[in-house]
């Protein structure tokens, strides 16, 4: 240990102590060793100073453990030696300051609403577990951890955060546990080419890089720029001490000017060259990042004395009690000097005499009297008397209020707060406080007293400033990247923009919660503004002497606003003013630090720290108790305490009626002031003007602003406009308050009212760089220059009747002005030969007036009074003027004009914008003197104008009936004062006033999203958009009918062919179905037909011009047909095919005589045209890059133009060929004979497609079909040898060769979700034709009624069954309620009934064809019923069920005699159809991928096709089976006998569903219901041998009879019900629909119903059915039924005995493996999704096959199942097979086949049928198993057979069985 000690005269030693091994100090014998200080220093004091009650060591170590002096008997002796009044003990107040006066006190009993602390205090119960240590011993916060929800992640410290914050790269848990054990970080996705990536990964637009704005939020977008914005440098200055992420050396390393940067006098230069503030030198912080600012610093620190010590002059510390004790304790006598008011000592003082002269306490110290005072008093200067201490004068004694009393004080709290148990600090009442802070990319909430941390808003750009409105539950924030102020609800919902324009850097935000106003600062515009909470009535409040206003705070109760300004002059101030901007004054003007955001709540201070990226807290009085609330944040910005007490209620000075103000009411002191929005003048004390009279209007590229001349502040205000990207030129019209502007980014001209309302685009086509704009306010015309097209154009102010005025000898025209009085217009041209020209406003009399000493002539302005023309030249850096003819030229301003651009005049002043000074300036218009700057620091300044309402009126002939002009009337300098002109491309007739009706000769071309025309009648090429009022998506092919003046076009995205007049009117779609990609289109104007190619369907079709009588001409051997042209006179059509084998083909216009003309050396033959004059065929090939020609037979091929980059459309007119080029985005022209003289017609046209050249004056030619359509009933089509008659697609021509049937005889009908289509089987083309049924959404099932010619269909989107005629008319809903998912549909064409399955309700229902008489036939043992079919001649109903146990069933048409036909080896039996000729059923299995058939009893089963992808529906016609397939999206067919000759009928059809055949041979035959409905009143159901009448489930107004031919009387109304009388007369075999089965005999209802009435059915219920019997005598039937019953009982007994012998469970162990799922088509999309699930390995075989290989996986349980089922079947052959299986364990047993027994038979075992029915069903099962087919006759069953309508029967599932 080494020490250097200095000794004071009194013996005090201070040792500089360097610790070598031990931190202890050793002093001499006569000295006491103080404790080692934190700095390692030792202090030795004289030994007699120990335990003298004086703090001589400074840390009380010399007084620790000493026996304390006694206090007076009236005082209490604290543990720390302090004496307090005894009355203060146990008063709940910590008076000793060590809490010893409150120890061992009897506990106070807490009230019911209080929580007892462990230290005896009582606090409010609400304060328990609120995260705040209210007890003082933290006993109120010993709480269980909150449970996290399912959507939260629990941190290791027990707190909860949002689940998606886990491992998101952001530390959200306070302990960082949410970012531990995370997978390797995924690199941030790279930004796009047009984006810049910030340092922390965020992407911003690249145009924001180096624009001077902090768009990233961390200035990383500005840190690598050579020229740093003033804002960036200002940003670094206040943050320099905290900034660690920005290295100026590396960032500026590439910029030469910073390599030798010099620091100012107020800065210190680091070794790295970086400059930091001089005051940061030697402050203990490494501000330079290389520690050079902390090198060579002297240790100037001196030991600081404790509060109860005295600082000697020599810097040493002694105890306070040693002052004036007569001893030189300091060593320099400073403790005994007169300055300490030491009085001479007499030596006669004694505490025992008169208390030593002390007023309160006296003690002897070293023989001298020393007076002291009680707690609450201090010794006065005389050393004897005591004076009351005013604790309230000392900050921090009380949190809020303080009341002083003699020797004591009392703390109190403001309203809304309550005193804590320590009796000094205040706690806010109400909810727990929340810290609300902006984190740049989000806004978060944190509870300061615990680790709760939640997200309020995320995905923000750059949120900086923040405030809230607690009463309205709103949060407001500013975003400095978007330059917006936004707001949302406090729950994060309903985000909306409040202020979206005119902001540059809104860094501060404050809410006036009393008067509902929003205030903000903007350091970019140097303003403080105010508006209503919704952004309305925005006003610039303060703008003068502001530089960089940032933080802002309000005191609404006092009516004051506070803000900081961290600009340079004045430097860093805090100012205040009233809320109306008045009484402004500085609060702090020097020495202001730079914390970013700060908030206060209760006794705590919270702030955000950018360096540590944290939120911190400390005591607001002392600065102690510093704590990090949250760290590792993204970028904490503004912070606020969210609590009602932060926004206490106050008096609204404006009252309920806004103070009577028309706009803004702003508080001012104790009163208020009415204020107007920026720029609006005040017309009275309470009212503002409703509009602006005059204002300066200027463009700033991204916005358009105004500066009102009606007020004095001259603040610019952004006009709220949408989508302004690069505004350049401006003008205005005060008549309708419109402002006009051009946008060179969107290439548009727009207009809006001066307040931003009514915004609309006026001109948006054929503009390339509209740089100048002028309004003729006399004739309401809009003039503009276009530097891209080098044109000057004019139109009406709404953009209509546009025409080109000047198109020659223009080279970059810029500004334009008009002078309607003289009829002239003037423009500047800054091309190769800069000049200023003028011409009449009708383009007459053009002349150059200024051509010398010009470089970049920009803005123009006319002084109408002095007849002068002013212009600004950015190259000459001058503003000049001359006479209107160019004479008397003079320089007005020739200095300090770096780059003038816009120019305007108003009054006596001239105004201009300057790009380089970024300012708007003005001067005297006559002298150029008296220059002023109106606005500065404005980037991208463009045009400028002054809006006013005093433009000179001018009389003009155009005001009277448009001057007699049919279109445009323009001012002119000619004697008449006007001239007429026509819209672009149209010629003026000889009368000089009327325009021709339209273009005669023109090009018309498609441009994907529009159609345009280029007139060939005029001497220049200008494209004009055909104004069709629809949205085009991808317009490709185009054709023209010159006779009617219509344009036809195809849109491959909308899949339609449309037409409209050439003026855009009368738009209509002519083909809307069956199109995919229509690449080529040709109009036969002579034959009045339209032809088109479709490269998607590979067809060439024709139709009438209205789209009717559509026919497929060519459908075979087409790959990708594209262009098509017609030669009507020759009867030929030509087309290109750019498929794999590109070729050029020809055929007759009826599709005959097809021939390939050219098929070699072709790549992508796109355009095609015919030169009829020279009999040439011309085509453009984009692959070979040539335009070639050949004769009409393909011979004499030669190249015309080569190379051409990517030609597409090709056309010909007169002696020229024209083509469109994708690569150059242009239209070109060349000589048709030689290909020479190539010129550019129009350029800059992206999306160019097909093009046609038209001359409407040319005669059309002779129609081969003549005037009577060639005698054809439908289509007459030319061919080389004349013409041929043709029928629409699918219809055959009759034998006369002239006429057609209205529809095909035999055809397929199929549904494909949104359409129903037809494929004729009469013709070989198999083309689908859409049936025009309206309102199709999701059509599934179909059927057809050949009697009425109607198609019936189900729509599962609407859950309806509808019908319509095949022409689409008479669509009506048949069943519109009570349906869920109607999968199957069948029409009984004989009985006129409709059947359907509902897989949602698991029912099979029936009704009449009109939807009446609806009845549920089967509703039990149905799982997933799908397809359904009827056989009316046999009285059969068939259906499939693809549920858990798949099966195919049959019943009578009334639902009776239900029977399972197939239940083995089935997967998903989807489709079902009947072959009425061979009497077989066919079905498709989508799981087993096959098509099978069986006879009507389910026997003779055979697989027709074993490999199909995913069949859904099928039908049969002649020798073919047709089916739809989801996987291949096609319709296919095979031979029904052999399963061979598989063909694809139609391919590439999305969403294929049902398919049926319509044929005269299909719906034939009749039954008993076919005549007069069988005599039934409602429903008639045919059965195998008879028919029954039935009643609907819901009775209608007609009486229902179950007896044919009998119409019962209408029932009398009863008091019980309005329905038909319900009588219990039900024969034993009749099934009804009540909930419990009732067996009632005729005798039981005697007295209520006679026996005759009962036999007649008059006593039956409305929903029962009886068969049609031949007579009333049923005795024979009873006898036969009895005999059969006895026989059945014997059979049942035998079966049961055998069953018990081989008892087994009817469960299927294989069913557990059946995880397949039939795809659901109940979706809104067109695509059918197929679930690929592997099928069970044993799925595709039958129950048992002897030829199968061995399988050793069979268990005894499985064998028992096989035994049980086969025993029940009684089939001896199967039983023999089983015995063989048991012995060998061989043979492939197929899993669930033997389990799937007849469902109805299984139902019998469930007890739902009676014994007789069970016997009958088992008998049937036995007969089926033995292949003995006995008909089920009524006699066998009894007189009244089972109808199968037992709705009340208890349901049994297959799994239970």
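In case you wondered, yes, glycine gets a Cβ from its N, Cα and C as well.
Annotated features in TrEMBL:
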| type | residues | note |
| --- | --- | --- |
| DISULFID | 51-66 | disulfide bond |
| DISULFID | 71-83 | disulfide bond |
| DISULFID | 78-96 | disulfide bond |
| DISULFID | 110-122 | disulfide bond |
| DISULFID | 117-135 | disulfide bond |
| DISULFID | 191-203 | disulfide bond |
| DISULFID | 198-216 | disulfide bond |
| DISULFID | 210-225 | disulfide bond |
| DISULFID | 263-275 | disulfide bond |
| DISULFID | 270-288 | disulfide bond |
| DISULFID | 282-297 | disulfide bond |
| DISULFID | 305-317 | disulfide bond |
| DOMAIN | 411-426 | domain 'EGF-like' |
| REPEAT | 473-515 | repeat 'LDL-receptor class B' |
| REPEAT | 516-558 | repeat 'LDL-receptor class B' |
| REPEAT | 559-604 | repeat 'LDL-receptor class B' |
| REPEAT | 780-822 | repeat 'LDL-receptor class B' |
| REPEAT | 823-866 | repeat 'LDL-receptor class B' |
| REPEAT | 867-909 | repeat 'LDL-receptor class B' |
| REPEAT | 1045-1087 | repeat 'LDL-receptor class B' |
| REPEAT | 1131-1174 | repeat 'LDL-receptor class B' |
| REPEAT | 1175-1216 | repeat 'LDL-receptor class B' |
| REPEAT | 1392-1434 | repeat 'LDL-receptor class B' |
| REPEAT | 1435-1478 | repeat 'LDL-receptor class B' |
| REPEAT | 1479-1520 | repeat 'LDL-receptor class B' |
| REGION | 1613-1641 | region 'Disordered' |
| COMPBIAS | 1628-1639 | compositional bias 'Low complexity' |
| TRANSMEM | 1676-1699 | transmembrane segment |
| REGION | 1804-1857 | region 'Disordered' |
| COMPBIAS | 1834-1857 | compositional bias 'Basic and acidic residues' |
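Around the Cβ of residue 83 (disulfide bond), 21 further Cβ atoms fall within 10 Å across all displayed protein chains.
Using residue 83 (disulfide bond) as the reference Cα, a 10 A cut-off selects 96 from the disulfide-bonded residues 96, 275, 317.
Of all the Cβ atoms in the protein chains shown, 14 others lie within 10 Å of the Cβ of residue 282 (disulfide bond). Annotation: 288 carries the greatest number of neighbouring Cβ atoms among the disulfide-bonded residues 117, 122, 191, 288, 297 [cut-off 10 Å, Cβ to Cβ]. Other Cβ atoms within 10 Å of the Cβ of residue 71 (disulfide bond) number 17 in total over all chains.
Within the same chain, residues 1341, 1345, 1347-1348, 1352, 1354, 1361, 1363, 1373-1376, 1378-1386, 1440-1445, 1451, 1453-1455, 1458, 1469-1474, 1476, 1479, 1481, 1483, 1496, 1513, 1565-1567, 1569-1570, 1573, 1578-1582, 1584, 1590-1594, 1596, 1633, 1663, 1718, 1799-1800, 1803, 1808, 1844-1847, 1849, 1851-1852, 1854 sit at least 6 positions outside the repeat 'LDL-receptor class B' (1392-1434) and bring their C-beta atoms closer than 8 Å to a C-beta of that stretch. Taking the Cα atom of each, residue 191 (disulfide bond) and residue 270 (disulfide bond) are about 36 angstrom apart. Taking the C-alpha atom of residue 317 (disulfide bond) as reference, the shortest distance to any of the disulfide-bonded residues 51, 117, 210, 225, 282 belongs to 51. The list of residues near the repeat 'LDL-receptor class B' (1131-1174) in space but at least 6 beyond its ends in sequence, with Cβ under 8 angstroms from a Cβ of it, reads 1080, 1082, 1084, 1087, 1091, 1093, 1100, 1102, 1113-1114, 1118-1125, 1180-1184, 1187, 1189-1190, 1192-1194, 1197, 1207-1212, 1217, 1219-1220, 1232-1233, 1250-1251, 1264, 1277-1284, 1286.
Mapped onto DSSP helix, strand and coil, the repeat 'LDL-receptor class B' (1479-1520) counts 0 helix, 24 strand, 18 coil.
Straight-line distance linking the Cα atoms of residue 305 (disulfide bond) and residue 117 (disulfide bond), rounded to a whole number, equals 38 Å.
Residues 729, 733, 738, 740, 742, 747, 749, 751, 761-763, 766-774, 828-833, 839, 841-843, 846, 857-862, 864, 869, 871, 884, 903, 943, 952, 954, 956, 967-968, 970-971, 973, 981-984, 1020, 1022, 1024, 1244 of the same chain lie 6 or more positions beyond the ends of the repeat 'LDL-receptor class B' (780-822) yet place their CB under 8 Å from a CB of it. Same-chain residues lying 6 or more positions outside the domain 'EGF-like' (411-426) and placing a CB less than 8 Å from one of its CB atoms are 92-94, 117, 121-124, 134-136, 397-403, 602-603, 644-645, 648. For residue 198 (disulfide bond), the nearest of the disulfide-bonded residues 71, 117, 210 in terms of C-alpha separation is 210. Sequence-distant contacts of the repeat 'LDL-receptor class B' (516-558), counting only residues of its own chain at least 6 positions beyond either end whose CB sits under 8 Å from a CB of the stretch, comprise 213, 231, 234, 465, 469, 472, 474, 476, 478, 485, 487, 497-500, 502-510, 564-569, 577, 579-581, 584, 597, 648, 650-651, 663-664, 666-667, 675-678, 713, 715, 717, 937.
If you draw a 10 Å sphere around the CB of residue 275 (disulfide bond), it holds 20 other CB atoms from the protein chains shown. Confidence for the repeat 'LDL-receptor class B' (559-604), expressed as mean pLDDT, is 71. You'll find the Cα of residue 203 (disulfide bond) roughly 59 Å from the Cα of residue 110 (disulfide bond). Taking the C-alpha positions, the distance from residue 96 (disulfide bond) to residue 71 (disulfide bond) comes to 13 Å.
Straight-line distance linking the Cα atoms of residue 270 (disulfide bond) and residue 135 (disulfide bond), rounded to a whole number, equals 52 Å. The distance from the Cα of residue 216 (disulfide bond) to the Cα of residue 51 (disulfide bond) comes to 64 Å. Put simply, residue 297 (disulfide bond) is 40 Å from residue 51 (disulfide bond) when counted between their Cα atoms.
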